[in-house]
Amino acid sequence: MPSTSFPVPSKFPLGPAAAVFGRGETLGPAPRAGGTMKSAEEEHYGYASSNVSPALPLPTAHSTLPAPCHNLQTSTPGIIPPADHPSGYGAALDGGPAGYFLSSGHTRPDGAPALESPRIEITSCLGLYHNNNQFFHDVEVEDVLPSSKRSPSTATLSLPSLEAYRDPSCLSPASSLSSRSCNSEASSYESNYSYPYASPQTSPWQSPCVSPKTTDPEEGFPRGLGACTLLGSPRHSPSTSPRASVTEESWLGARSSRPASPCNKRKYSLNGRQPPYSPHHSPTPSPHGSPRVSVTDDSWLGNTTQYTSSAIVAAINALTTDSSLDLGDGVPVKSRKTTLEQPPSVALKVEPVGEDLGSPPPPADFAPEDYSSFQHIRKGGFCDQYLAVPQHPYQWAKPKPLSPTSYMSPTLPALDWQLPSHSGPYELRIEVQPKSHHRAHYETEGSRGAVKASAGGHPIVQLHGYLENEPLMLQLFIGTADDRLLRPHAFYQVHRITGKTVSTTSHEAILSNTKVLEIPLLPENSMRAVIDCAGILKLRNSDIELRKGETDIGRKNTRVRLVFRVHVPQPSGRTLSLQVASNPIECSQRSAQELPLVEKQSTDSYPVVGGKKMVLSGHNFLQDSKVIFVEKAPDGHHVWEMEAKTDRDLCKPNSLVVEIPPFRNQRITSPVHVSFYVCNGKRKRSQYQRFTYLPANVPIIKTEPTDDYEPAPTCGPVSQGLSPLPRPYYSQQLAMPPDPSSCLVAGFPPCPQRSTLMPAAPGVSPKLHDLSPAAYTKGVASPGHCHLGLPQPAGEAPAVQDVPRPVATHPGSPGQPPPALLPQQVSAPPSSSCPPGLEHSLCPSSPSPPLPPATQEPTCLQPCSPACPPATGRPQHLPSTVRRDESPTAGPRLLPEVHEDGSPNLAPIPVTVKREPEELDQLYLDDVNEIIRNDLSSTSTHS
């Protein structure tokens with residue numbers, strides 16, 4: 001394959017080399033006239049022999065050579081400089097046959113000479129020294145690379161010895177990066193003109209130094225690193241060479257396709273002696289640069305990984321003026337390491353190369369400045385110990401140290417963990433909730449102030465149950481308010497508010513790329529903090545949406561929560577972490593003006609039967625607004641969804657009346673939490689509001705004085721004179737028959753089914769009715785009705801039999817026994833309406849006469865529905881004054897134990913009822929039932 005060659009005229013100026021050639025000293029065997037050059041393979045394998053002149057090879061575009069090693073296109077034409085170009089370096093060589101520069105021993109098959117002009121191939125002269133005008137290898141430089149990776153040598157041009165290489169008084173050929181290096185005509189022509197070659201592949205000339213792309217990835221250093229000096233060139237050019245120097249200003253200039261140092265043109269001898277031609281160092285580097293030498297920001301930063309090794313070597317050679325100085329002195333300030341401490345030792349495998357190859361190598365931690373000559377480096381990156389080339393141009397600044405208060409132990413839970421709000425005696429509670437709307441401020445505008453509370457002021461958070469004297473740190477961050485699990489919000493961050501009106505101190509910290517506001521909880525303030533120092537900052541949507549793995553959209557995710565977290569140390573050494581989140585906060589001004597907003601609801605729980613009216617207070621309600629009840633699974637999916645009926649006639653912009661829909665499961669045994677929202681359109685929904693469905697089949701029993709009139713939804717006119725007392729008398733759950741057939745009062749239509757459950761709360765717990773016995777003084781037993789009474793003496797507590805359907809009780813559910821059984825004694829004629837089985841268990845053989853009405857203790861059951869007929873004839877005759885003695889010594893009353901989950905014990909517990917003295921008006925359910933039935937009997941008799 002024909003290779004690209006550079007035709008050179010016979011008068012080739014070689015400067016001082018002319019003297020050597022003139023004396024007839026040859027550097028190799030005399031070539032025969034018309035001889036041909038050796039092939040590349042033969043020259044490569046015979047490189048170390050003494051009869052072949054080693055020289056500086058200029059790699060050509062050979063088919064067997066990798067392109068990155070040569071970077072020369074075969075299509076690039078050779079540059080033929082004019083023959084009359086002035087030399088300027090030394091005497092011109094007048095004559096000499098072309099074959100003088102060629103290797104001998106071969107001719108073309110047709111007998112023609114191999115080349116009309118010599119082909120110049122320049123190779124490294126490192127490892128060669130002058131001995132009787134012959135070049136010999138003191139150390140095989142090629143041993144650095146494996147034989148399979150060596151570049152095959154081609155025909156070479158013999159050059160003189162190192163002493164005759166240059167004249168110290170003349171211009172430095174090394175200041176130019178041209179491949180002619182001896183101030184040839186082409187070199188001068190190249191130095192004066194710049195060529196638009198963007199890369200080494202398009203350049204017609206080759207650099208003698210190691211190409212930046214010749215780095216061997218397996219060995220970690222360039223192939224020709226042994227041919228490059230690392231301790232700097234011994235002397236710089238005293239004169240000007242066009243753009244040969246690399247200053248601090250041009251260090252980040254345009255990046256060249258060639259390194260910034262000649263590297264191979266001036267060397268120390270390998271035996272440790274400094275060559276005599278350069279006894280002193282040039283005080284300053286060349287003020288100008290040669291073509292394609294300057295390094296710019298664009299090319300340097302864009303090609304950092306390609307040119308790291310060669311660019312570092314080039315920079316050191318170009319900027320080092322004294323070999324005894326530290327290598328860092330010649331490195332630009334912008335390229336040095338930011339740290340000032342020197343590494344304790346530079347682990348280098350260096351071996352002095354001299355006549356005695358068996359001498360032991362120096363210690364590995366030998367300082368590099370103690371060597372005045374170049375050392376043979378087998379492994380490691382010497383320059384990397386002094387230069388840290390960054391992969392990004394903006395990583396020079398040191399990271400900001402974390403404050404001691406922001407240090408978090410790795411054992412503390414992450415911000416996206418779901419933590420409880422109470423554990424044991426500790427409870428973290430938001431005493432005052434924040435306002436449902438807060439205008440978050442952008443990064444480009446000023447603060448919008450701290451988050452405020454709905455009733456004025458600011459949110460308040462308190463830790464209950466903490467009795468120690470050590471303060472704790474309350475953490476606050478902005479969390480999500482969507483259907484998914486609580487986590488830090490991607491588009492909003494907490495913002496620290498300061499000013500004269502801010503009374504709470506705070507500190508900002510960064511935890512897992514989330515800004516956290518730390519607020520102290522002080523024991524002298526009862527572990528209570530007023531959150532008047534927290535605002536909300538809106539981040540730029542594009543910055544967050546372009547993150548890897550981010551799927552949320554900023555404009556659709558404008559609701560947040562204030563998430564508070566505290567870590568309580570335990571005596572065992574562990575840390576208890578509590579977390580509580582506020583109500584959702586709308587941060588978008590547009591959303592606050594268009595989306596419906598629910599601020600208050602009249603009720604937050606109701607039995608599963610539904611049907612009650614609920615009033616919603618808020619903003620942006622319309623006539624066509626819909627209220628949707630939904631039940632969500634733990635993973636966020638909707639299990640149940642139901643649209644509630646709204647009263648359009650009563651709808652106002654700030655209020656909405658809705659009927660609670662029945663729940664999907666009417667037989668729940670524990671409260672079920674659901675949510676509802678108001679919808680004005682497809683994308684105009686309010687925030688989710690919580691609602692609780694309660695189990696059915698439990699009556700509502702209240703204790704009401706007669707002088708405090710308040711209507712209640714009770715059965716018949718009896719309830720018109722009743723009102724609830726402020727204090728409940730028992731908190732257990734009682735049961736009522738689920739079907740109308742369990743009503744034991746004959747002559748009246750059965751009550752429709754009414755299933756309710758009252759939780760153990762003071763506001764809604766079952767209470768007793770306080771009725772006067774005067775309303776029942778005209779009662780006479782009727783043969784056609786069941787007559788109930790309490791004849792047992794004081795202190796007697798008869799055992800209660802387990803009957804299928806006792807009075808005012810029910811079995812609850814098929815697998816659940818009756819939670820309460822009331823002791824009753826029934827006396828009735830055979831015409832009684834009691835069932836046979838129930839009559840046998842409740843009616844004893846000896847009937848007992850009823851007690852006088854004045855001594856009876858009446859009670860009243862909460863009715864099933866307002867449609868029931870009146871239970872008494874004259875409720876208006878109730879006395880206006882009733883004796884009340886709330887003595888706690890009224891006597892024990894045992895009821896079945898009810899667990900927190902709402903399910904009673906599996907086995908029924910006997911109920912013990914003690915008769916109260918006559919002066920006490922504390923009535924119980926069984927007493928009231930007896931009085932009611934007696935009164936009903938008397939009313940029927942008189943009618």
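Positions of Cβ are set from backbone N, Cα and C atoms, glycine also.
Note that this is a predicted model, so its numbers are computed, not measured.
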Legend entry - DNA-binding region per Swiss-Prot - which of 127-134, 359-366, 439-446, 735-742: 439-446
Legend entry - phosphoserine according to Swiss-Prot, picked from SER39, SER245, SER686: SER245
Legend entry - Which range of 76-81, 118-123, 388-393, 466-471 is region 'Calcineurin-binding', per Swiss-Prot: 118-123
Legend entry - Listed residues SER148, SER153, SER269, with the one flagged phosphoserine by Swiss-Prot: SER269
Legend entry - motif 'Nuclear export signal' according to Swiss-Prot, located in which of 344-353, 484-493, 524-533, 924-933: 924-933
Inset, instruction - Please spell out the DSSP helix, strand and coil residue counts for the DNA-binding region (439-446). - result: 0 helix, 2 strand, 6 coil
Legend entry - Average pLDDT across the repeat '1' (203-219), rounded to a whole number: 47
